[in-house]
Amino acid sequence: MPQNCIAPRPEEDGGVMVQGLPDMSDTQSKSVLAFPTITSQPGLQMSMYPITLKFEEVVYKVKIEQTSQCMGSWKSKEKTILNGITGMVCPGEFLAMLGPSGSGKTTLLSALGGRLSKTFSGKVMYNGQPFSGCIKRRTGFVAQDDVLYPHLTVWETLFFTALLRLPSSLTRDEKAEHVDRVIAELGLNRCTNSMIGGPLFRGISGGEKKRVSIGQEMLINPSLLLLDEPTSGLDSTTAHRIVTTIKRLASGGRTVVTTIHQPSSRIYHMFDKVVLLSEGSPIYYGAASSAVEYFSSLGFSTSLTVNPADLLLDLANGIPPDTQKETSEQEQKTVKETLVSAYEKNISTKLKAELCNAESHSYEYTKAAAKNLKSEQWCTTWWYQFTVLLQRGVRERRFESFNKLRIFQVISVAFLGGLLWWHTPKSHIQDRTALLFFFSVFWGFYPLYNAVFTFPQEKRMLIKERSSGMYRLSSYFMARNVGDLPLELALPTAFVFIIYWMGGLKPDPTTFILSLLVVLYSVLVAQGLGLAFGALLMNIKQATTLASVTTLVFLIAGGYYVQQIPPFIVWLKYLSYSYYCYKLLLGIQYTDDDYYECSKGVWCRVGDFPAIKSMGLNNLWIDVFVMGVMLVGYRLMAYMALHRVKLR
């Protein structure tokens, strides 16, 4: 009977007592399962609630559409991505998934991390239990791409993560100390105060970014750590450093699973276990040190000293070792079928028997810890999440918000407009109404286009952080809205202040303040529509195209260019917030009983001027109310659209 994983139990005081694991020296060569030795290392935080990960017969299929040759009809066909993957990983163990591109490594990792969007067949168990919120909070998932805010420093990135992911029972100073410990553990002391960097400016190196991503997950002291291609795009020395760090984390009692594409020989020998996939089917599972010997026993031995990983990847591609000439597709297919058949015969049956005999789980949470994990859906309160996200957002966008180019753009347009409408006489009512319409158009469309980019640009970050249960969507949404207000309101305020007085509009402080409030009101409505477009489409190109069409329609139906809209399409103007803004600005500047000099010595009633008569200056509170409905409605639409974003 095979040996089972024996877990370290958490002490009552929160420490970890490492119990001896069974000596596998006598059975290692006979058993498919291999078990690690957990060793405490100085400066390395031990896992408090170790997890045994067991997966059995994991099968995942997707439907792909194909065009039929007859009459161009569409037919759906199933493609198998994963085909019966089985294995087990114990605490302190480092499992690597190897295989060529498209073999299903990332899909399997997503299934193990509870992040597969569609259902799959088979069982994935964590200490004998299915995936749950409790397990999710003990799991760290490091994606292949490092999704980080470019304008935050390394310390700020980890500190804000700690504020959101660590429990509220810890003080702010304690969380900061924890961040310092993680930085020291991962060797990030040299770049603590360096910015992450992005496409437009240089920051820390790729290896340091990867360690920051790992550090974000290490802050919660995960029991299960999953990493997708942690060495992708890194040089061999940096890749070795990263994997050495991961190996140290595993030695602290964590269950570590990683996908890796082409490890060096040094890296390969750090793995405890290996799963080798070929077109979604397993062809090897077991100790990394025994893989070459296993394939040699099948007749796939090499006379050269090669990197074991290179040999395994060649076999997964159907290429036998020591092949001098290029193999045909049929030969590759034959090799793959041989290896899959050998796996079923030599490993699969034995592995399933051992998993059946293994205990369902051998770790138990302390009663208090289990109770807390189950009862608390979130580590922090809504208000706390909102304030932290607001602080982070303001700090991240401090360089972008008051961008010199944007300030120059708005101020230059304001001065140019002021010069064009310089002290417009009261008798030139056509020009004065044109200036008011310019207010409604410019500040109806400028914030709309800026807001369209908001959520598509942050989509990857939103998916990453919400997948890990970092915060509520509502707290993020409110923080994002409030954080954008300083720039969204400061620039139009400066704009109106400049052009209002230069244009010679009604020189009354009350009228000026009311006009400014209407413009700011329109800005918030336009921003809401932009957020809704971005959240609905989550694609910058599509969202800007839709925004362009919408702004054109709103411009034409705004009440200035077309004063007598045909009855069958008159409803269009009631959808345009530019129409309501323009009408409110007219109502603030004029009343129906005001008079202007329509020709020399002749005074005409303002209410009879065609452009104003077609708009009407009555019932302005209805327009205020309609814009209020738009302001709230557009944001609700954006919020509901964000709920539809898939987190997996």
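Counting starts with 1 at the first residue shown.
Each Cβ is built from the backbone N, Cα and C atoms, and glycine gets one as well.
The ATP binding site annotation in Swiss-Prot covers G99, P100, S101, G102, S103, G104, K105, T106, and the record cites sequence analysis as its basis. Sequence-distant contacts of G104 (ATP binding site), defined by Cβ-Cβ distance under 8 angstroms and a gap of at least six in the same chain, are Y60, I81, L82, I85, L277, E279, G280.
Here Swiss-Prot flags 53-304 as domain 'ABC transporter', drawing on sequence analysis.
Positions annotated as domain 'ABC transmembrane type-2' by Swiss-Prot: 384-590.
In the three-state DSSP classification, N346 (N-linked glycosylation site) falls within a helix. Within the same chain, the residues at least 6 positions away from N346 (N-linked glycosylation site) whose Cβ sits under 8 Å from its Cβ are Y294, listed in sequence order. Per Swiss-Prot, N-linked glycosylation site is recorded for N346, and the stated evidence type is sequence analysis.
Annotated transmembrane segment per Swiss-Prot: 405-425 (among others), in sequence order.
Taken from Swiss-Prot, the feature transmembrane segment applies to 435-455 (among others).
Outside the transmembrane segment (485-505), and at least 6 residues removed from its termini, the chain residues within Cβ reach (under 8 Å) are 394, 401-402, 406-407, 410-411, 413-415, 417-419, 421-425, 432, 435-436, 439, 442-443, 447, 450, 511-512, 515-516, 519-520, 523-524, 527, 589. Taken from Swiss-Prot, the feature transmembrane segment covers 485-505 (among others).
Annotation source Swiss-Prot lists transmembrane segment at 512-532 (among others). Outside the transmembrane segment (512-532) by six or more residues, the chain places 439-440, 443-452, 454-455, 481, 484, 488-489, 492-493, 496-497, 500-501, 505-506, 547, 550, 577-578, 580-581, 584-585, 588-589, 624, 627, 630-635, 637-638, 641 with a CB less than 8 A from a CB of the stretch.
Marked as transmembrane segment by Swiss-Prot: 543-562 (among others).
Here the transmembrane segment (569-591) has long-range neighbours at 432-433, 436-437, 439-441, 443-444, 505-506, 511, 514-515, 518-519, 521-522, 525-526, 529, 553-555, 557-560, 606-607, 612, 615-617, 620, 623-624, 626-627, 630, meaning same-chain residues at least 6 beyond its ends whose C-beta is under 8 angstroms from one of its own. Sequence annotations record features per position, and here Swiss-Prot assigns transmembrane segment to 569-591 (among others).
Remote same-chain partners of the transmembrane segment (620-640), defined as residues 6 or more beyond its termini with a Cβ less than 8 Å from a stretch Cβ, comprise 455, 473-474, 477, 481, 521-522, 524-525, 528-529, 531-532, 534-536, 574, 577, 580-581, 583-584, 587. Per Swiss-Prot, the feature transmembrane segment maps to 620-640 (among others).
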Taking the mean position of the Cβ atoms of G99, P100, S101, G102, S103, G104, K105, T106 as the ATP site, which residues outside that list, in the same chain, have a Cβ no more than 8 Å away, listed in sequence order?
T259, L277
Among the binding-site residues G99, P100, G102, whose Cβ has the fewest other Cβ atoms within 10 Å?
G102
For the transmembrane segment (405-425), could you work out the same-chain residues 6 or more beyond its ends whose Cβ comes under 8 Å from its Cβ atoms?
431-432, 434-435, 438, 442, 446, 487, 491-492, 494-495, 498-499, 501-505
Would you say which of the binding-site residues S101, S103, T106 has the most Cβ atoms within 10 Å of its own Cβ?
S103
Please work out the number of neighbouring Cβ atoms within 10 Å of the Cβ of K105 (ATP binding site), leaving out its own Cβ.
25
Secondary-structure category, per DSSP, in which G99 (ATP binding site) falls:
coil
With H, G and I counted as helix, E and B as strand and the rest as coil, say where DSSP puts T106 (ATP binding site).
helix
